[in-house]
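> Before anything else, here's the structure in question.
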Amino acid sequence: MLHCLRKKCHYTLAIALILVLLYPFRSTILPTEVTVPEPIQSRKLSAYELLSRPVAKDWTTIPKIIHQTWFPAGSNMSQNAQSWVQTIIDHHPDWEYVLWDDETNELLVQQYFPWFLDTYRALPKEINRADMVRNFYMYLFGGMYADVDTEALRPVDPLFAGHSVSLASHWDVISSAAPAQNNPVQRAFLGRMAHAADIESSAAVPNGWMASPPGHPFWLLPVLYVLENPKGGDGKREREIEMYSKSTLSERAAWKIIFLTLSWIVWSNLTILFNKWILESTGFPIILTSWHLIFATVATQVLARTTSILDGRKTITMDTKVYLQKIAPIGLLYSGSLVCSNIAYLYLNISFIQMLKAAGPVVTLLTSWFWGVAELSAAKVANILIITLSVALAVSGEIQFSWLGVGFQLAALVFDANRLIMIQILLSDNDGQKMDPLVSLYYSAPVCALMNLFLAWRTEFATFQWSAVAETGVGMLLLNAIVGFMLNVSVFTLIGKTSGLTMTLVSIPKNVLLILASIVIWHTRISFLQGVGYSIALLGLVVYSMGWARIKSYVQAPRKDEPSSLV
């Protein structure tokens with residue numbers, strides 16, 4: 001045993017001695033630098049080399065050539081364009097890449113399409129010539145064309161394979177014989193603008209990305225049109241497309257706005273009725289509000305990471321100073337508004353609360369005037385007095401009256417008015433942040449949830465019993481939070497398609513429906529005095545929102561079916 005250990009020690013010492021002796025010669029034995037192979041990417045091909053190649057006769061196979069153009073020759077391309085071009089090169093390693101310019105473009109026309117050369121030179125701008133010559137790339141060589149502002153997200157090979165179109169290197173296509181069949185199937189591919197809802201609309205199918213085998217006749221159609229109309233067409237076809245597009249899109253937009261409006265009405269009223277039902281059985285408005293805000297925090301975080309609906313946050317510069325000075329106060333005011341409005345449901349019925357909410361524009365206007373972001377005029381003051389007196393008339397006719405409930409509801413209106421003013425100030429700063437309601441919720445919900453949990457800890461947690469959760473049902477509470485969050489989503493989508501005026505006017509029938517629902521569900525009694533006061537308040541709200549001048553213009557506007565007088 002001892003002999004074996006001695007032999008191992010001898011071997012170890014011998015190996016160590018050899019390594020020490022070889023150390024001065026390490027640079028010749030082990031490389032000091034590791035050669036990293038360059039990434040495989042498209043082989044760059046000069047336009048002159050491509051022009052020297054023979055024309056292919058295989059009209060069914062797309063050659064692996066990428067065409068792009070940049071003018072004038074030798075000019076610098078922007079950094080963004082260079083990065084986008086590189087994505088195309090990187091995603092297509094076995095393709096050839098050709099960058100044309102104004103000189104090689106004219107050489108192409110002169111060499112292969114001399115009958116178009118005079119028309120080509122007469123085109124007013126270089127961009128017009130670039131738009132035209134890309135059709136010749138496709139017709140003569142085939143392959144794929146992309147504007148330099150096109151970013152490649154993945155290779156295009158599977159796209160062509162999915163349409164049973166074969167791909168091959170340009171040399172293989174050149175070497176191939178003409179198709180055996182007399183009428184071979186040729187497929188051309190064009191991109192589509194994502195913002196164009198209708199494929200028939202103007203610029204819905206642009207020439208920014210296209211691909212095909214060589215010899216496809218489609219690419220000669222724009223060329224022949226320009227040849228026949230060198231000074232441009234009469235615009236008849238373009239006007240027809242524009243009229244069709246506008247009529248189709250307006251119909252779709254109208255139905256979409258109707259759907260979004262109805263969606264907002266449903267989610268808004270459902271949230272109020274749902275909250276009222278839960279608060280009547282539990283009596284913990286601050287805890288319920290905290291639950292809504294915790295759910296909103298989690299939901300907005302998930303949406304931000306899985307969808308593009310909150311991409312607006314990426315344009316906002318947010319740091320600790322901005323958050324504490326501007327976002328946190330907005331969140332605290334929002335929290336106060338939610339808490340006070342929920343507490344009001346413990347003392348007042350839904351109908352009476354909706355009548356009090358009619359004073360919201362008055363509170364907002366006075367708050368705006370106090371902060372110096374709005375001015376008062378005689379007309380506005382008169383309108384304020386009408387709305388205030390009519391709301392007071394509705395209040396005086398309330399049977400189930402509670403000063404505490406009225407105080408909480410008015411406090412909710414004051415909190416919300418200050419929140420709206422702070423958002424307005426935030427958006428009107430020199431470094432104004434473009435923040436839609438959902439992005440605002442994304443930033444404010446966490447601080448609101450913390451504030452509400454603190455308030456609940458100091459007030460409601462002392463008497464809260466977890467049995468209330470079991471009695472209400474975890475599923476019901478989850479559904480309640482989802483309904484409240486969907487209200488925020490519907491507000492976000494509706495604001496993006498309409499205006500504040502539209503939402504104010506739509507809120508009138510929405511609140512009337514809510515009052516009717518309260519009468520049916522809770523048998524709420526509405527006095528005649530309340531009905532008169534609330535009706536006057538709604539009329540005052542319409543006048544406040546639209547103004548007398550606009551209302552008169554609508555009333556005095558001639559109807560379409562009225563015959564016009566002949567002079």
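Sequential numbering from 1, following the chain as shown.
Backbone N, Cα and C atoms are what each Cβ position is placed from, and that goes for glycine too.
Look at TrEMBL and you will find 253-274, 286-304, 327-348, 369-395, 401-427, 439-457, 477-496, 508-526, 532-551 tagged as transmembrane segment. Under the heading domain 'Sugar phosphate transporter', TrEMBL lists 256-545.
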> Checking distant contacts: for the transmembrane segment (439-457), what same-chain residues at least six beyond its ends satisfy Cβ-Cβ under 8 A?
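The answer is 284, 286-287, 289-290, 293-294, 296-297, 300-301, 304, 310, 312-313, 316, 318, 323, 327-328, 330-332, 334-335, 338-339, 423, 464, 488.
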> Cβ under 8 Å, sequence separation of at least 6 from the ends of the transmembrane segment (286-304): give me the contacting residues as numbers and ranges.
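Cβ under 8 Å, 6 or more out: 275, 278-279, 310, 313, 335, 338-339, 342-343, 438, 441-442, 445-446, 448-449, 452-453, 455-456, 459-461, 464, 477-478, 480-482, 484-485, 488.
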> With CB pairs under 8 Å as the measure, which of the listed stretches 253-274, 327-348, 401-427, 477-496 comes out on top against the transmembrane segment (508-526)?
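Against the transmembrane segment (508-526), the leading stretch is 253-274.
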> Give me the stretch from 253-274, 327-348, 401-427 with the greatest number of Cβ pairs under 8 Å to the transmembrane segment (477-496).
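Ranking 253-274, 327-348, 401-427 by Cβ pairs under 8 Å to the transmembrane segment (477-496) puts 253-274 first.
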